[in-house]
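Annotated in TrEMBL:
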type     : residues : note
TRANSMEM : 6-30     : transmembrane segment
DOMAIN   : 20-260   : domain 'G-protein coupled receptors family 1 profile'
TRANSMEM : 39-65    : transmembrane segment
TRANSMEM : 71-95    : transmembrane segment
TRANSMEM : 116-138  : transmembrane segment
TRANSMEM : 158-177  : transmembrane segment
TRANSMEM : 209-228  : transmembrane segment
TRANSMEM : 240-262  : transmembrane segment
């Protein structure tokens, strides 16, 4: 089988994704300090992206070194499950951020912990079921004409995944609009209390809106091209278009650790300590709300 340069690029992308998210997973699950609901959601997101990176690597290895239809279904199922969990994990983090601002007084309660575990169960339960569908028989190996732009997934399966993405994106957009309103209102109240309305209100509001714009803009720019192409393309569409839209989608898993983990001061402390050879789970820790993460 001739080596496809696009497959090599995807494999390299998967390697970078795996390394980045492995660091996040080790840091969060190693230190008892990171047991707050917010960090559990970030750890779940990093786990999903780590599996996605490993899926890209395994897919390349099995396609070129151990070609097998059964193995191909397993790797594709892993990719579907992990990317679905990644997108769902972003929605869960958005919901958590919104509730931390909307119900700030009651956020640090047992109810928040219970809600977090429910979101994790729903995220991984739905994603695993979606990933098992190709393995359980919903594939186009016996009927190539039913294939989608991502073989061996059938067209209807990919349409369901694409529609689900647009629903997730719509909910995230609405929640971030509400978060933006809350940030503006809080900044205005703080500025009024401290008697320097104009400058402080403007700077705080601009910083909050810019952060939200980066988060939502990154997610949309990475996944929208692939989601739209999945709806419009079919088995006869050029394979090049699949690679051109799928590659940016993988970049979302590459950027998630930077946006949701490496920017957090507590995680930065642990990483710096690890680099200095003094990794300790007893490092000073100050719990932060999701809006600070």
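Backbone N, Cα and C atoms are what each Cβ position is placed from, and that goes for glycine too.
Whatever TrEMBL says is automated annotation, not expert-curated.
With a threshold of 8 Å between CB atoms, the same-chain residues lying at least 6 positions outside the transmembrane segment (209-228) that come near it are 87, 90, 162, 165-166, 169, 172-173, 176, 179-180, 183-184, 244-246, 248-249, 251-252, 255, 259.
Beyond its flanks by at least six residues, the transmembrane segment (116-138) meets 37, 40-41, 44, 48, 73-74, 76-82, 84-85, 88-89, 92, 95-96, 152-154, 157, 161 of its own chain at Cβ-Cβ distances under 8 Å. Long-range neighbours of the transmembrane segment (6-30) within the same chain, counting only residues 6 or more positions beyond its ends whose Cβ lies under 8 Å from a Cβ of the stretch, are 39-40, 42-43, 46-47, 49-50, 52-57, 59-60, 63-64, 240, 243, 246-247, 250-251, 253-254, 256-258, 261-262, 267, 270-271, 274, 279, 281. Same-chain residues lying 6 or more positions outside the transmembrane segment (240-262) and placing a CB less than 8 Å from one of its CB atoms are 6, 9-10, 13-14, 16-17, 20-21, 23-24, 27-28, 42, 45-46, 48-49, 52-53, 56, 83, 86, 90, 93, 149-150, 214-215, 218-219, 221-223, 225-226, 228-229, 233, 268, 271, 293. Summed and averaged per residue, pLDDT over the domain 'G-protein coupled receptors family 1 profile' (20-260) gives 87.
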